[in-house]
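A.B. asks: Structure in C-alpha cells, see below.
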C-alpha cells in the first residue's frame, strides 16, 4: 500500500501487525510514515527492533510505498528512466538460502534500500506475462511463447524449480546502457484449479517485483484500479487483523497482473501469504530509565511505609519486593498515570484514576529526579496523542482466580505469550496490574481439586479456580498459549500460501497446523491425533509449527504444489456429497472416517499401479524416504490418470518436457524425518538372551561375530557389507530400552565400549564397538531412531540409558487417581529427563530430576503394589516420583543405572551427592553433627580421632552419602572432624580452586584490610556455584566455632592453621593461605553479605547450644525438633527443622506432607504437650513454633514437653481458620480454681466469666457491670485439661497459665471447653489474617525437611520480633544459670583400646564441664581421667532423653509432684575398675552431689526474693576455683602474627 507522508506511524505499522513499535518510532522523532523513509536494517536495529522478521516486514512495507511513489504520474522522477548501472557495477547475484525471507542485494554505493534492485522502476525492464489458470488447456500463440522477456537477472534456484514458469534464462547484454534483457521460452503448463499461482521464484524468495510487461496495460493507466484494490485489501486486513494477529503475512507489490484475473477482489487478501513469509514472536525487554530503593506507602491506611525496589522503563512504573525478584508486586503503566507531584518529607505522588501511590526517597534530589523523569515522559505521551486511560486489550481468557500467597482473589487476563494478574477487573480496565508473566519457557501442571500451577523458570504460581471445569479450561488455555510461544509459523505460512491448505483435508477446519507427509494432506490438530493412531506405517504426522527443523525445502514445495484439493481428489474422489467430516465431529466418528479414508482407502479410485491398498501405503512411505521426493509423490498421487487426462507433472528446472525429471543420486531430503538417523558400520553382535549380563567377551568361544549393521527403517544385521539378505533385524517398536554398558573391571577380556538393547518380551542383545567415538555415534543414532522427537536434543555424550518408562507422581495430575503416565526416560550424567511420548496411556509431562539431589531412592517390591510390579521411588524435596518399567528386565537395568548415577564415588566436588543448596551432603552432615555436639568440646578440630574410623566413614560418604546417618552414640566428634578435613584435602581441585590461588595470594598482599576483604569477595565470585556455596557454608561453620572459643579454646588463628592445608591444599606453612582463611572467618559477615537477621540467628543458636544441652541445631541455624502424629509413639515421630519464622500452620502442612496424609473433613491442629500429656495447648495457626519451644527450658522437666499433631472436628476448631468474629462477647458459668489461691480459694467454685476484647473478666453475677477481677490475655497460655491431682469436677476443663498464677476452669461438656479455648485464642490473635486450610507456606519450596541434607539458613519475612523474644528469653536464662544443672553434657569418645593407643596426658588445668560431668568432682581421687570420662551419661535420643543420674534431685524441686526414681547406672563401655569399686564410687558421688545441690538451693532460697529466685551453682568440692559452667578460667587465645608457631 502507498504510505502518505502524514499517515500516523501507528496506523502505518498496523497494516503489518507491528503497531507495538509505534512508541519506539515516536521516541526517535519518526511520528509519520514519511519520516520513516530511508530506513534500513541497521537503522531499525538501532531503534531496538531486534526481531529479524519484524525488520523485514517493515522494510517490505517501505519498499511497497517507494515503488508506488516512484510510479506516481504526478512525480517527475517517475517519468524519467532510471539509468542502469554499468556491467562492471552490477550487483552480485544473490545466493538462495533455505527458508530465508529476503536476501539482501549488495552492490556499489547507491541510494537504494535493502531488498530493492537498482534497475527496479525503469521503463526498460519488463517481465513475461503470467499464464492464468483455466479449466481446459487452451493453445497459446507462438508469439506469446517466443516474446522476449525482460526481468531482473536472478540466481537460478533449483530447489524451487516447481514454481518457475520460465525455466533457465539466458542473459543477453544490449548495447543500450539503460536495459538488460533476459529471454527464455515459456513452456505450456498443466493448469491448476486456482490454488497455486505460478510466480517468479525470485519475486517470492527475495521480495523483488519485476515491473513493465509487454502486452500488459501500462502501470500508470491501471493505477486507479490498483489503488482501489489496495484500499479494499486494507479494509480486509482491518477486518481480519485479529484473526491474523502475530502472523507475518508479507504482501506482494501492488501489481494487479500478478493476481489471477479469475479471482474476485475479496479473495485477493487470502492470497497475500507468500510461500516464503516469515514469523517472529519476540518481546523486547526495555532497559530501565530509573531504578532504586524507595519507600512505598501501604494501601491499608495504617500509614506504614514498605521498602520496595522501584523501576521505570519509560512505559511502566514497577515496584518489587527485592532487587532480585523476577516478578513485581505492582505495575503502573505510564498511560494510566494522570500526573505526578512532589510533597514534603522527600515524598512524591503518582496519581492514577483509581489510586494515589505515595513514594518516599532518601533525599530531595532523588525525589526531584523521579518526578522530573515521570513528568517528562507524561508530556511526551500527551504530545504523541496516546489514549488515556489505555484501551484494554482483548485477552484470550479472563476471570477471577485465587493465587497462593495472595490474600484476595486476583483478576487474570491471558493474552498471547503473557498472563497478566490484576487486583480487580477495574484495575484491569485501567491497566494497573500486579505482574505480567511471560509464558515462554513455562509449563502448566494440574494439581488436586480445583488448583493448577504455572511453572516459570523463576517461580511457581499456584492458582485455584472456582470449579473443576474452570480449572480445566484455564489449564488448557494456558497450555495452548505456552505452546504458541514455542511455535514457528515460517513453514506454516509457506504451506498456507496455497489456499487449499488453509482448511483441513479431512474435516475442513481453518488454519490446520499438522500434516501427514506420506499422504500429502494438511490436517488440523484433532485429525492429527487420529492420524497418529493409525500408526507410522500409514500416516507420518508432523507439526508445521513445532517440527520446523525437519521440514526441508523440497517437502515444503511438495505441499505448496500439491495442495489439499489435489490430494482430496485422490483420497476422496468417490466420497458421496454430504458424507464428509465436520469440524465439530467427536473423536469417535472422526477416527472412524479417517480410518476408512486412509487405512482402508474406501473413498479413492483404483490406482493403475497398485491395486492393493496396502501396497500403495508401503509405496507412499518409501517415496518420502527416497530421492526425488516431488517426482515420486506426484506420480503416486496422480489423479489425472484416473480421469483419463494427461498426467500433470511439475516443470523441469531446465525448461525441458514436463515429467522428465532427472534422477537425483543424492540421498532423500526427508530421510531425517522419516528415518530419523541412518547409520551403518560393523558391530560385534551377541545373540539375543533372556538374562541380563555384562558386555560380550572379546575372545574365546563366546565371542560375538562382527556383522555389518545398517540402521534404516529397521536395524538390519548382515554377514558382510555385500550380503543381499540380512541375518536378523530389529524393528523400532520392539525396542524397550537402550543402555550403555558400564566399562568392565578387566578391559582385556570384554569390550570396553558396548551398549545393550532390551527388546519386548524380556529379551536383551549386546553390541560391541571399536571405540568411544563409534559407541557415541551408534547410541545417538539408535536413540533418535526409536525415541520421540522430544528426546533427540538430549542425546549426546554422557548418555547412560534411554527407553520407555511409566510415571506416577502426586504433582502430575492424571485423568484418574493412580493412573500411570507413559513417557520416555533419558538418563544422562546425573540427570534423569522425562519426555512425553505417544503411548497407550496419557502422556507424561516433560520433567527433569537431579539425581544427586534426591533425598531417598528405594524400591517397592511387587508384593506390596496393587499391580504386582516393582516400583522405583525417587523422593525429592517437595515431591515423590514413582517409576515403572515395561518389564522386569528393563526395570532392573533402570534401577541399577539410576542408583549408580545418583551415587557419589568421585573425588571431585561436583561429583558428590548434593543437598538442595548445591552443597555436598558430606559437608552438610559433618558440619551439622559438629555444630550439635562439638561446639563445647575443647580442642575441636585439633584433637584427632581414630584414623581407621575416619577412613571408613569417608568411604561410606563417598559411596552413598544420603544413607549415612551420624548418631552421637555411634560416631565421635573427633572422627567426624577428621573426615571433614580429609574430604577437603583429598579433593581433585581444592574448594578455593587451584587456578585462583595466585589471586588469593595477591589479595592477601594488599596493605589495607578493607581492600583485602573486597578482593576476597571478587575472587569468591569467580568460583563455581558448588565451590562458592560450599566455601560459604564452611566459613560460616568456622565462624560459629570461634564464637564459642571461650568453651572450645579454638580461636580464629587455630582454625585457620588447621584448615588452610585442606581448603587450599597446600603444605600449611604458607603465610598467605593462613592469613586469607583467618580474615575470611573474622570477616564472614561482610565478605558473604550476611544481614542483621541472620547474624542475630547465629548468635541465638550459639547461645542455645552453649546453654541448653539437649537442643539440636543444624549449621543452617534451624532448630531440629521431633513432632508426633496423633500419639506419642516412636513410630509416629517425624523429625524436621523449625526456623524462627515457622508458624504452626506451616509446621502442620509440612508434617502432613512428609507423611503423605490426605486432607479430609477433619482439621489437623498442632498441640503443645506438657506434663507428659496431661496438658495440651492447641497452637494458633499463626503462632511461631520456635518461640514457644524456647520456653520449655524453663520447665522443671523440659523433656516432658513435645509437639503433637491431632485431628480435631471441624465444628470445634474451625473458627480458628476463619476471619469471622463473634458478634457478642463470650460469657458463661464455669467452675474455677486459682493457684496460688487468693479470691477463689483452693476449691472449684462456680463463677461467671466474660471474655471481652483481650481480657478475661470475673463477674459476681451475669448482669454485673463491674467485674471483680480482670486478667489480660497478652502472654497467657490456654491448655486443654486440668492436672489430675487437682481433682477437677468434670473431665472437660482447661488451664489458663498467666504471668504469676494458674487459673483452672471446668466446663460442662467438650463443646463448651472448645468454645472457650478457641475464643481465647482468637482474642489473642485477632490482628492476624485468616489462614487457608492445607495451603503450602511460601517457604515450602525453599525449606528442606530434616534428614541427612540440611539446608542453608532461610530468611523469613518478619523474624525481628521472634529473634527479639528469643534473645530476651536467653538473657533470662543466662541470669538464672539453671540450665547447666538440668542438662549434662554428652561426650563421644572412642573405645577403651583406642584410648590406650592414643592416650593423652592429663591437663594440669581443670576440664570444665557442666554439672553432672563427674570428673570435676573426683579430680583429687586416684581414678584416671580416661577412666572417669567413660562414665558420662549418653542419652540415646537428643530431644527426648531418658532419665539421667541427676534427675531424681530435680524431682525434689518440681512443683508438679513427680515421683522419685532410683538412679540407674549409665550405659557405656566397661572400665578397668571392678564392679564393686565402681558401684561404691558412684554411690559416693551421688551423695556428695545431692548434698551440694541441696545446700546451694537452701542458701539461695534464703537469700533471694521469691519473685526473682537465683539459680544454684555448684561449688567445687575439691578446692578448685569455682567456675560458672560454660565459661573458662582463662580468656580465649588470641591471634599471633607468626604463621610458624604451633597451635595454642
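Note that Cβ sites are derived from N, Cα and C of the backbone, with glycine treated the same way.
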A.B. asks: Ranges 456-479, 480-503, 504-527: which does Swiss-Prot label zinc finger?
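C.D. replies: Checked against Swiss-Prot: zinc finger maps to 504-527.
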A.B. asks: Which residue does Swiss-Prot record as phosphoserine, given the choices 363, 443, 1480?
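C.D. replies: The residue tagged phosphoserine by Swiss-Prot is 1480.
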A.B. asks: To which residue among 180, 728, 915, 1444 does Swiss-Prot attach the annotation phosphoserine?
C.D. replies: 1444
A.B. asks: Tell me which of 167-194, 195-222 corresponds to the region 'Disordered' entry in Swiss-Prot.
C.D. replies: 167-194
A.B. asks: What mean pLDDT score does the domain 'PH 3' (1223-1325) have in the model?
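C.D. replies: Mean pLDDT across the domain 'PH 3' (1223-1325) comes out at 83.
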A.B. asks: On the DSSP side of things, how many residues of the domain 'Ras-associating' (1117-1210) fall into helix, strand and coil, could you say?
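C.D. replies: Helix (H, G, I), strand (E, B), coil: 32 helix, 35 strand, 27 coil.
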A.B. asks: Within the domain 'PH 1' (287-379), count helix residues (DSSP H, G, I), strand residues (E, B) and coil residues, in that order.
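C.D. replies: The domain 'PH 1' (287-379) comes out at 19 helix, 43 strand, 31 coil.
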